[in-house]
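A.B. asks: Taken from TrEMBL, the feature transmembrane segment applies to 20-43, 203-224, 231-252, 272-293, 314-338, 358-378, 521-542, 548-565.
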Amino acid sequence: SELREWRPVIYRKCTDTVWLLLFFLFWTGLMFITGYAVMAGAAERLVLGYDSFGNICGRKNTAVKGAPLSGQDMTNKKYVFFLNSCSLEMQSLKSSSLSLCVSSCPQEQLNSLEDLQSFARNNGSCLCVYNLNISSYTLNPKAAELCPTLPVPPSKSFPLFNRCVPQNPECYSKYASVLISMVNEMDVFHRILSGILTGRDTVIGLSVLALAFSFILVLAFRFIRPLLVHTLIALVVFGLLFVSGVLWWLYYDYRNDPSTELETEKENVKFLLGYAIFSTIVTVVVLSIILVLRKRLPFTVQLFQIVGKIIGRIPFLLFQPLWTFLILIVFWVVWVAVLLSLGTAGTAQTTSGGQVEYRALSGICYMAWYHFIGLIWTSEFILACQRMTIAGAVVTCYFNRNKSSPPPHPVLSSISVLFCYHLGTAVKGSFLITILRIPRMVLLYLYNVLKQKESACAKCLFKCCFCWVWCQEICLRYFNQHAYTTTAIHGTNFCTSAKDAVFILAKNSAKLASISCFGDFILFLGKVFVVCFTVFGGLMAFNYHRELQAWVVPLLLVGFFAYLMSHSFLSVFEVTVDAMFLCFAIDMETNDGSAEKPYFMDQELL
């Protein structure tokens, strides 16, 4: 076969342009869904609540045709009040009682229309239908129909759904039973959205905490020393053991709580059990690997010192994850906002008496799946761009004869090459990862549908499929990175680069496998460290807000974000190590160290 000169080419051409066009068309569909969700959705209805006339409490509203009491300014009326809170009935998530937006809930029992009138004048909170004037409470013959059923029990605003909850024991028991049945009838999609909205401040705080942990680890790996490696391993072991213990304790506490009635609370118990089992398995596996590979620790420290020297020549590589993180955060915020709007997309329809009902639109489920695929593909594409940028900068510095005078602006040069020529290659590599994730999503959906059959054989088959797809994804990520590095060197398309990288790695697998294995494992421990302590903070924060929250799902989201953040930051070292070893293998393959064909590598690598 024709020998290839493995050096960064100067004259390049665009690669995988068809895939870039497909990505553009896919994003055109995402833009359509975004516009549709913004126009048809109203995420505020999930948490703020709305009255029987289509007004969302706590904000200004637009009028609904055929509903004369709609379109009112409810900025100062933040709570939903039911006129017949002691005799509520729910059918298909619809209340049998009229509901209004009020500025405050009655703290004392109101026994007559005069009490209602006095409460409205003193507190500015009208408990009767909006078109009934306060002075007419005791004069209008229809006041009994337009005002709440007497006596009105004392109530208190509920923090999650902004409802006035009656405090009278008899009324509270009836109200609670209706509310429990209503929440249990809600589909999982809407319960998850409600949990994300109500815990948004905690999710944002935990994401910032994960960012801080990731940045500290990047600085630590830059100036790594043997004591630091031992400290990291000790912290990871402690964190895994501690988080596993807390998860088992919370599961035991929730399982034995007699007040666990809501479907969201039962889901919390199930998720906690799954988390505890998964955390225990990870702890056992990590401890076993540490015991097996502990003798390679000194060489790993030397490896990271060499990587630190390379990064020292390109200091701006340390800032690359920060830009990636900011881009991911902006994308995730927009994605969640669109998801919330999509989950509440519905048309307002008037009924008898000028009341308003919101009916869900058809096709929302398919849009949600398309939107979720967009999350995976775009996130992977952003991370692939970061990996190609880092690999391109490392390749430029490696294949430079004059080590004392590195090329000017290697990061900017790598970014320009990526955007001008190789975006299609990043799209194709990220699409392959997405394709492997879709079967996992389908398997998870089928598992949830068929789990009630309690078939041990089916469960075992599903778990084997999960494991098989996950292993394939790990292998594909590994080869993707080397394909990106090969593209950065020679400017070839994804398939050609992957073939060349596999050929080089196959010839040098015995040399490289033992060298990079423990280095990748140390970086993995860094990611585990960030996820463990972020999830622990989430456990402590969410455990204080148990009421009616599907908080385990937002916790899973926080863990996912923490892993992506740590992965994005530590990938500087991971990509540098992989790119350096591939360049090293190519250097050994094409040069012999003679005066005619000298090595590009530093003498420390030999």
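Any Cβ shown, glycine's included, is placed from N, Cα and C.
For the listed features, I'd like the structural context: burial, neighbours, distances.
C.D. replies: Taking Cβ pairs closer than 8 Å, the transmembrane segment (272-293) reaches residues 233, 236-237, 240-241, 243-244, 247-248, 250-251, 254, 517-518, 521, 525, 528, 552 in its own chain, all 6 or more past its ends.
Outside the transmembrane segment (314-338) by six or more residues, the chain places 33-34, 37-38, 43, 196, 207, 211, 214-215, 218, 222, 371, 374-375, 378-379, 382-383, 385-386, 389-390, 393-394, 397, 406, 410-411, 561, 564-565, 568-569, 571-572, 576 with a CB less than 8 A from a CB of the stretch.
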A.B. asks: Within this structure, do the transmembrane segment (521-542) and the transmembrane segment (203-224) have 3 or more Cβ pairs under 8 angstroms, counting pairs 6 or more apart in sequence?
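C.D. replies: The answer is yes, given that the two segments have at least 3 Cβ pairs within the 8 Å cut-off.
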A.B. asks: Return the stretch with the most CB pairs under 8 A relative to the transmembrane segment (231-252), choosing among 20-43, 358-378, 521-542.
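C.D. replies: Ranking 20-43, 358-378, 521-542 by Cβ pairs under 8 Å to the transmembrane segment (231-252) puts 521-542 first.
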A.B. asks: Can you tell me which parts of the same chain pack against the transmembrane segment (521-542), counting only residues 6+ beyond its ends and a CB-CB cutoff under 8 A?
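C.D. replies: Contacts of the transmembrane segment (521-542) (Cβ under 8 Å, skipping residues fewer than 6 from its ends): 199, 202, 205-206, 209-210, 213-214, 217, 221, 229, 232-233, 235-236, 239-240, 242-243, 246-247, 250, 282, 286, 289, 293, 300, 304, 549, 551-552, 554-555, 558-559, 562-563, 565-567, 570, 573-574, 577.
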A.B. asks: Which sequence positions outside the transmembrane segment (20-43), separated from its termini by at least 6 residues, show Cβ-Cβ distances below 8 Å to it?
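C.D. replies: Cβ under 8 Å, 6 or more out: 56, 193, 197, 334, 337-347, 361, 367, 370-371, 374, 377-378, 381, 423-424, 427, 431.
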